[in-house]
Amino acid sequence: MSYTWWDELGEFKALHSMNAIRIPWIRDTLTRKYEQMPLSLASPLQDKVILDAGSGGGILTEPLARLGASVIGIDMVEENIKVAQTHLNQDPHIVSRVKYIQAAVEDLVETEEEKFDAVVSSEVVEHVSDLSTFISSCCKLLKPGGSLFITTLNKTTMSYGLAVFAAENVLNLVPKGTHDWNKFIPPDDLQYMLDKNGLTRSLIHGIIYNPLTNRWTWIQDTSINYALHAVKAEHSKHGI
Ligand SMILES: C[S@@+](CC[C@H](N)C(=O)[O-])C[C@H]1O[C@@H](n2cnc3c(N)ncnc32)[C@H](O)[C@@H]1O
(Lines of atoms letter the chains of each structure in order from A; the text may use other names.)
(Lines give C-alpha, C1' and ligand atoms only; values in the text may rest on other atoms or scores of the structure.)
Protein backbone atom coordinates (compact mmCIF):
# COMPACT_ATOMS: atom_id res chain seq x y z
CA MET A 1 0.00 0.00 0.00
CA SER A 2 3.07 2.23 -0.17
CA TYR A 3 1.90 4.22 -3.18
CA THR A 4 -0.93 5.65 -1.07
CA TRP A 5 1.34 7.34 1.51
CA TRP A 6 0.89 10.81 0.04
CA ASP A 7 -2.83 10.53 -0.72
CA GLU A 8 -4.24 12.86 1.94
CA LEU A 9 -7.64 11.21 1.70
CA GLY A 10 -6.37 7.64 1.41
CA GLU A 11 -5.40 4.98 3.93
CA PHE A 12 -3.01 7.30 5.73
CA LYS A 13 -5.35 10.28 5.98
CA ALA A 14 -5.40 10.10 9.79
CA LEU A 15 -1.59 10.41 9.81
CA HIS A 16 -1.77 13.43 7.49
CA SER A 17 -4.38 15.11 9.68
CA MET A 18 -2.40 14.28 12.84
CA ASN A 19 0.27 16.68 11.54
CA ALA A 20 -2.03 19.54 12.55
CA ILE A 21 -1.47 18.72 16.22
CA ARG A 22 1.81 16.81 16.38
CA ILE A 23 3.93 19.30 14.46
CA PRO A 24 3.04 22.34 16.63
CA TRP A 25 3.51 20.13 19.72
CA ILE A 26 7.04 19.06 18.69
CA ARG A 27 7.96 22.56 17.46
CA ASP A 28 6.70 24.37 20.56
CA THR A 29 8.22 21.85 23.00
CA LEU A 30 11.64 22.08 21.35
CA THR A 31 11.69 25.85 20.91
CA ARG A 32 10.57 26.43 24.53
CA LYS A 33 13.22 24.03 25.73
CA TYR A 34 16.07 25.72 23.93
CA GLU A 35 14.65 29.18 24.69
CA GLN A 36 15.51 30.39 21.24
CA MET A 37 15.22 34.17 21.34
CA PRO A 38 14.42 35.79 19.09
CA LEU A 39 12.45 32.90 17.66
CA SER A 40 12.87 32.49 13.94
CA LEU A 41 9.34 32.07 12.69
CA ALA A 42 10.57 30.74 9.37
CA SER A 43 13.00 28.17 10.80
CA PRO A 44 12.26 27.64 14.51
CA LEU A 45 13.98 24.23 14.49
CA GLN A 46 17.14 25.46 12.78
CA ASP A 47 20.25 23.63 14.08
CA LYS A 48 18.17 20.82 15.59
CA VAL A 49 18.98 17.30 14.48
CA ILE A 50 15.94 15.04 14.62
CA LEU A 51 15.49 11.31 14.04
CA ASP A 52 12.08 10.31 12.68
CA ALA A 53 12.08 6.71 13.91
CA GLY A 54 9.71 4.70 11.71
CA SER A 55 9.26 7.46 9.14
CA GLY A 56 7.05 5.51 6.69
CA GLY A 57 6.45 7.63 3.58
CA GLY A 58 7.81 10.81 5.22
CA ILE A 59 4.50 12.45 6.20
CA LEU A 60 6.03 13.78 9.43
CA THR A 61 9.66 13.98 8.27
CA GLU A 62 9.13 16.64 5.61
CA PRO A 63 7.24 19.20 7.74
CA LEU A 64 9.92 18.94 10.46
CA ALA A 65 12.56 19.75 7.85
CA ARG A 66 10.42 22.66 6.61
CA LEU A 67 10.71 24.11 10.14
CA GLY A 68 14.48 24.20 9.69
CA ALA A 69 15.54 20.91 11.33
CA SER A 70 17.96 18.42 9.81
CA VAL A 71 16.04 15.16 9.82
CA ILE A 72 17.01 11.55 9.38
CA GLY A 73 14.01 9.40 8.52
CA ILE A 74 14.57 5.72 9.15
CA ASP A 75 12.22 2.91 8.20
CA MET A 76 12.78 -0.81 7.88
CA VAL A 77 10.55 -1.15 4.79
CA GLU A 78 12.43 -0.50 1.53
CA GLU A 79 9.30 0.51 -0.40
CA ASN A 80 8.42 3.15 2.21
CA ILE A 81 11.88 4.69 1.96
CA LYS A 82 11.64 4.76 -1.84
CA VAL A 83 8.27 6.54 -1.68
CA ALA A 84 9.61 9.00 0.90
CA GLN A 85 12.74 9.77 -1.14
CA THR A 86 10.78 10.21 -4.38
CA HIS A 87 8.41 12.65 -2.70
CA LEU A 88 11.25 14.52 -1.01
CA ASN A 89 13.05 15.00 -4.32
CA GLN A 90 10.16 17.19 -5.46
CA ASP A 91 10.97 19.86 -2.86
CA PRO A 92 14.38 21.51 -3.47
CA HIS A 93 14.00 23.64 -0.32
CA ILE A 94 14.33 20.71 2.06
CA VAL A 95 16.08 18.01 0.07
CA SER A 96 19.50 18.79 1.56
CA ARG A 97 18.19 18.68 5.13
CA VAL A 98 16.59 15.23 4.96
CA LYS A 99 18.31 11.88 4.73
CA TYR A 100 16.38 8.62 4.49
CA ILE A 101 17.84 5.33 5.66
CA GLN A 102 16.35 1.90 5.14
CA ALA A 103 17.09 0.03 8.38
CA ALA A 104 15.63 -0.87 11.73
CA VAL A 105 15.99 1.89 14.34
CA GLU A 106 17.74 -0.68 16.55
CA ASP A 107 20.53 -0.97 13.93
CA LEU A 108 21.38 2.73 14.01
CA VAL A 109 22.71 2.77 17.56
CA GLU A 110 26.15 1.47 16.65
CA THR A 111 27.00 4.48 14.46
CA GLU A 112 24.69 7.28 15.65
CA GLU A 113 24.63 7.02 19.44
CA GLU A 114 23.88 10.35 21.20
CA LYS A 115 23.60 12.24 17.89
CA PHE A 116 20.04 13.57 18.06
CA ASP A 117 18.43 16.55 19.78
CA ALA A 118 15.09 14.79 19.40
CA VAL A 119 13.79 11.37 18.44
CA VAL A 120 10.23 11.33 17.15
CA SER A 121 8.37 8.02 16.87
CA SER A 122 4.78 8.63 15.91
CA GLU A 123 2.35 5.73 15.47
CA VAL A 124 5.22 3.25 15.38
CA VAL A 125 5.72 1.57 18.77
CA GLU A 126 2.43 -0.34 18.46
CA HIS A 127 3.90 -2.07 15.36
CA VAL A 128 7.32 -2.93 16.78
CA SER A 129 8.22 -6.56 17.51
CA ASP A 130 10.70 -6.02 20.39
CA LEU A 131 9.50 -2.86 22.11
CA SER A 132 12.00 -2.92 24.95
CA THR A 133 14.97 -2.94 22.53
CA PHE A 134 13.31 -0.35 20.30
CA ILE A 135 12.76 2.08 23.20
CA SER A 136 16.24 1.52 24.57
CA SER A 137 17.66 2.25 21.08
CA CYS A 138 15.66 5.50 20.78
CA CYS A 139 17.02 6.55 24.18
CA LYS A 140 20.62 5.74 23.27
CA LEU A 141 20.32 7.72 20.03
CA LEU A 142 19.38 10.88 21.95
CA LYS A 143 21.95 13.38 23.12
CA PRO A 144 21.94 13.96 26.88
CA GLY A 145 19.09 16.39 27.51
CA GLY A 146 17.42 15.32 24.25
CA SER A 147 13.68 14.88 23.77
CA LEU A 148 11.72 11.76 22.87
CA PHE A 149 8.27 12.26 21.33
CA ILE A 150 5.94 9.28 21.01
CA THR A 151 2.35 8.95 19.88
CA THR A 152 0.67 5.58 20.17
CA LEU A 153 -2.37 3.59 21.31
CA ASN A 154 -3.30 2.55 24.84
CA LYS A 155 -4.25 -1.07 25.54
CA THR A 156 -7.85 -0.75 26.71
CA THR A 157 -11.27 -2.08 25.78
CA MET A 158 -12.00 1.34 24.28
CA SER A 159 -8.92 1.22 22.03
CA TYR A 160 -9.89 -2.27 20.84
CA GLY A 161 -13.45 -1.15 20.10
CA LEU A 162 -12.57 2.07 18.28
CA ALA A 163 -9.02 1.78 16.92
CA VAL A 164 -9.22 -1.88 15.88
CA PHE A 165 -12.81 -3.10 15.48
CA ALA A 166 -14.54 0.09 14.32
CA ALA A 167 -11.59 1.52 12.35
CA GLU A 168 -10.98 -1.74 10.44
CA ASN A 169 -14.49 -3.21 10.14
CA VAL A 170 -17.07 -0.43 10.39
CA LEU A 171 -15.48 2.85 9.33
CA ASN A 172 -12.92 1.21 6.98
CA LEU A 173 -10.38 3.86 7.98
CA VAL A 174 -7.45 1.46 7.69
CA PRO A 175 -7.05 -1.96 6.04
CA LYS A 176 -7.96 -5.01 8.13
CA GLY A 177 -5.03 -6.27 10.17
CA THR A 178 -3.31 -2.87 10.39
CA HIS A 179 -3.29 -3.06 14.18
CA ASP A 180 -2.66 -5.92 16.59
CA TRP A 181 -4.27 -4.95 19.92
CA ASN A 182 -1.85 -7.24 21.76
CA LYS A 183 0.96 -4.86 20.81
CA PHE A 184 -0.77 -1.74 22.17
CA ILE A 185 1.03 -0.20 25.15
CA PRO A 186 -0.40 1.09 28.42
CA PRO A 187 1.30 4.40 29.33
CA ASP A 188 2.62 2.90 32.60
CA ASP A 189 4.48 0.17 30.69
CA LEU A 190 6.03 2.77 28.39
CA GLN A 191 6.92 4.92 31.36
CA TYR A 192 8.64 1.94 33.01
CA MET A 193 10.82 1.39 29.93
CA LEU A 194 11.69 5.09 29.74
CA ASP A 195 12.63 5.17 33.44
CA LYS A 196 14.92 2.17 32.93
CA ASN A 197 16.69 4.07 30.15
CA GLY A 198 17.22 7.28 32.10
CA LEU A 199 14.41 9.36 30.59
CA THR A 200 11.96 11.45 32.59
CA ARG A 201 8.45 11.85 31.30
CA SER A 202 7.46 15.49 31.08
CA LEU A 203 4.06 15.12 29.41
CA ILE A 204 1.44 12.53 28.70
CA HIS A 205 -1.78 13.63 27.08
CA GLY A 206 -4.71 12.05 25.32
CA ILE A 207 -5.42 12.72 21.67
CA ILE A 208 -8.54 11.68 19.78
CA TYR A 209 -9.44 11.33 16.12
CA ASN A 210 -12.86 12.27 14.77
CA PRO A 211 -13.34 10.32 11.52
CA LEU A 212 -16.29 12.50 10.51
CA THR A 213 -14.26 15.69 10.47
CA ASN A 214 -10.86 14.02 9.89
CA ARG A 215 -9.48 16.06 12.79
CA TRP A 216 -7.41 15.29 15.88
CA THR A 217 -7.95 17.03 19.21
CA TRP A 218 -6.03 17.11 22.49
CA ILE A 219 -8.10 15.61 25.34
CA GLN A 220 -7.41 14.64 28.97
CA ASP A 221 -8.46 11.02 28.46
CA THR A 222 -5.56 8.76 27.46
CA SER A 223 -7.59 5.58 27.08
CA ILE A 224 -7.40 5.41 23.26
CA ASN A 225 -4.57 7.43 21.66
CA TYR A 226 -1.95 9.32 23.62
CA ALA A 227 1.13 11.47 23.13
CA LEU A 228 4.17 11.37 25.38
CA HIS A 229 7.23 13.59 25.72
CA ALA A 230 10.23 12.51 27.80
CA VAL A 231 13.67 14.01 28.34
CA LYS A 232 16.99 12.19 28.65
CA ALA A 233 19.08 12.95 31.72
CA GLU A 234 21.77 15.54 30.99
CA HIS A 235 24.82 13.63 32.20
CA SER A 236 23.80 10.03 31.77
CA LYS A 237 25.37 8.26 28.79
CA HIS A 238 23.44 5.01 28.90
CA GLY A 239 20.75 5.74 31.45
CA ILE A 240 20.44 3.86 34.73
C1 LIG B 1 2.06 3.61 10.86
S2 LIG B 1 3.61 3.90 10.15
C3 LIG B 1 3.97 5.53 10.82
C4 LIG B 1 4.76 6.39 9.85
C5 LIG B 1 5.15 7.77 10.35
N6 LIG B 1 5.76 7.74 11.65
C7 LIG B 1 3.96 8.72 10.35
O8 LIG B 1 3.41 8.95 11.42
O9 LIG B 1 3.59 9.22 9.30
C10 LIG B 1 4.73 2.86 11.09
C11 LIG B 1 6.09 2.70 10.42
O12 LIG B 1 7.04 2.17 11.36
C13 LIG B 1 7.95 1.36 10.65
N14 LIG B 1 8.67 0.52 11.62
C15 LIG B 1 8.14 -0.38 12.49
N16 LIG B 1 9.11 -0.91 13.27
C17 LIG B 1 10.28 -0.32 12.90
C18 LIG B 1 11.64 -0.43 13.33
N19 LIG B 1 11.99 -1.26 14.32
N20 LIG B 1 12.59 0.32 12.72
C21 LIG B 1 12.24 1.17 11.71
N22 LIG B 1 10.97 1.31 11.25
C23 LIG B 1 10.00 0.59 11.84
C24 LIG B 1 7.06 0.62 9.66
O25 LIG B 1 7.78 0.10 8.57
C26 LIG B 1 6.07 1.73 9.24
O27 LIG B 1 6.51 2.41 8.09
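The chain as shown is numbered from 1 upward.
The backbone N, Cα and C atoms fix where each Cβ goes, glycine too.
Remember, TrEMBL labels are computer predictions, not curated facts.
From the candidate list GLY54, GLY145, GLY146, the residue TrEMBL records in the S-adenosyl-L-methionine site shared with ARG22, ASP75, SER122 is GLY54. Ranking the binding-site residues ARG22, GLY54, ASP75 by Cα distance from HIS127 (Mg(2+) binding site) puts GLY54 first.
ASP75 (S-adenosyl-L-methionine binding site) sits 13 Å from GLU123 (Mg(2+) binding site), taking the C-alpha atoms as the reference points.
In the structure shown, across all protein chains, ASP75 is the one of the binding-site residues ASP75, GLU123, GLU126 with the greatest number of other Cβ atoms within 10 Å.
Over all protein chains present, the Cβ of GLY54 (S-adenosyl-L-methionine binding site) has 24 other Cβ atoms lying within 10 Å. Distance between Cα atoms for GLU126 (Mg(2+) binding site) and GLY54 (S-adenosyl-L-methionine binding site): 11 Å, as a whole number.
For the pair formed by ARG22 (S-adenosyl-L-methionine binding site) and GLU123 (Mg(2+) binding site), distance between Cα atoms is given as 11 Å, rounded to the nearest Å.
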